[in-house]
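Asks: From Swiss-Prot, for reference:
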TRANSMEM  12-32  transmembrane segment
DOMAIN    15-219  domain 'Cytochrome b561'
TRANSMEM  51-71  transmembrane segment
BINDING   52, 120  heme b 1 binding site
BINDING   67, 68, 69, 70, 71, 72, 73, 74, 75  L-ascorbate binding site
TRANSMEM  85-105  transmembrane segment
BINDING   86, 159  heme b 2 binding site
TRANSMEM  123-143  transmembrane segment
TRANSMEM  154-174  transmembrane segment
TRANSMEM  202-222  transmembrane segment
């Protein structure tokens, strides 16, 4: 999708990869060093909750972003192979996102905390639902059984547009999640200007930069001489 931005996709894919590594490292440091670690089962319910931000960021946001960029990262690869990688990465992101949401519910249920009372939780459920619908439609239309070429051609721009919308919604909700958790921690006595607070805020900023890089990489052309219009995914 070349939109006359005057820039190529490649620099933004490189930036996104670097920012993904940084964001993943930062959320792991936060969850393990500052929040005590991760656990599937524990008497310390906070350790169960810690699985949620790790899976949502690394599994849902980062892997989902890599899935979006795969046609830019591998522009000369066999189309069917690239399409399969795109499908698998989005499927992994969807599954890990769903598991991440499960651990948020598990923490709430075992801690006696109400579910689905915040805007973050509402948008989260809505986003994962839309992500699942998008994946199913993409699978049926472009992979198996596959629609007719003219149908693929008509669906493709909407598939891309809706996919970017859902991804941006997921990014926005991740920011809400960081804000909500940090607000809870600070209301419980966490130093507003302490190391952990700064780490959380900087992690959120890195996620914003990562998401912006992904979106620009998706809409910028692989080569500046590319014609305008969406063309990285053939209809066949």
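Heads up, the Cβ atoms here are built off N, Cα and C, so glycines get one too.
Describe the structural surroundings of these features, if you would.
Replies: Close to residue 120 (heme b 1 binding site) in the fold, though at least 6 residues off in sequence, lie 173, 176, 177, 180, each with a CB less than 8 Å from its CB.
In this structure, residue 86 (heme b 2 binding site) is part of a helix by DSSP. Its Cβ placed at the centre, residue 86 (heme b 2 binding site) has 21 other Cβ atoms within 10 Å.
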Asks: Counting distance between Cα atoms, which of the binding-site residues 52, 86, 159 is nearest residue 69 (L-ascorbate binding site)?
Replies: 86
Asks: Residues sitting near the transmembrane segment (154-174): Cβ under 8 Å, six or more positions beyond its termini, same chain?
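Replies: Tertiary neighbours of the transmembrane segment (154-174) are 1, 56-57, 60-61, 64-65, 68, 97, 120, 123-124, 126-127, 130-131, 134, 137-138, 141-142, 147, 204, 207-208, 211, 214-215, 218-219, 230, 233, 235.
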Asks: Counting a contact as 3 or more Cβ pairs under 8 Å, with residues at least 6 apart in sequence, do the transmembrane segment (12-32) and the transmembrane segment (202-222) touch?
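Replies: Contact criterion met.
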Asks: Between the Cα atoms of residue 67 (L-ascorbate binding site) and residue 159 (heme b 2 binding site), what distance do you get, rounded to the nearest Å?
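Replies: Checking the Cα atoms of residue 67 (L-ascorbate binding site) and residue 159 (heme b 2 binding site) gives a distance of 14 Å.
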Asks: Counting Cβ atoms within 10 Å across all protein chains shown, which of the binding-site residues 52, 159 comes out on top?
Replies: 52
Asks: Go through the chain and flag residues at least 6 beyond the ends of the transmembrane segment (123-143) whose CB is under 8 A from any CB in it; none is fine as an answer.
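Replies: Those are 60, 64, 83-84, 87, 90-91, 93-94, 97-98, 101, 104, 116, 151-152, 155, 159, 162-163, 166, 169-170, 172-173, 176-177, 233, in sequence order.
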